[in-house]
Amino acid sequence: MALNGFLEFFQKGKTFRPKKRFTAGTIRYSLHKQAQASLQSGINLRQVVRLPDGENLNDWIAVHVVDFFNRINLIYGTVSEYCNETTCPTMSGGSRYEYLWADGENYKKPTALPAPKYIELLMDWIESIINNETVFPVSTDIPFPKAFPTLCRKILTRLFRVFVHVYIHHFDRIVSIGAEAHVNACYKHFYYFVQEFDLISSKELEPLHEMSSRICKD
């Protein structure tokens, strides 16, 4: 599958919420463009995710968190009309895995929700974080908070659950619109990134372990 096709697919505007963009001229914008250029070159995805020489790890993670947020939004947008309270009454990945929502504010205790409501709350929660300049600073003059790596682990872990739900419950839709190769490429990029920096526990990755071992062989 051509990675150029992968990028074209993920640069289309169809998503169920506006894309978060980097401000031109900033370090993070440059890193974003560097990461995109690496993908376009078609090199090994395991190499693409590695921290470039001389760059700050938190900057590199921030860029990828925003990129993955945008792409997973788009992926879910392609299946969202088929994901409703009737078809998906729980946020699950098959019969073995169910995810409960808690945000410490409106949902202080882990709560079972229909998949579309869980994902809506998740994307709202992530969006509020990445738009918070005290957490995702836009200037190198402002340091990242100490809790930044832990927070990014939490964001990426929850984004992974959207992959789980889409792959297990809606992959027929992905195939029907010809997006299987694009979604697989996005998943591989995500998987290699979180593995490179140990950002998601093996327990959380378990629902897609078999698929990961099959398609992530670069």
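The backbone N, Cα and C atoms fix where each Cβ goes, and this holds for glycine too.
TrEMBL annotations:
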- Cys83, Cys88, His165, His170: Zn(2+) binding site (BINDING)
Cβ-based isolation winner (fewest other Cβ atoms within 10 Å) among the binding-site residues His165, His170: His170
Chain-mates of Cys83, Cys88, His165, His170 with C-beta within 8 Å of site centroid, Zn(2+): Val79, Tyr82, Thr87, Ala115, Pro116, Ile119, Val166, His169
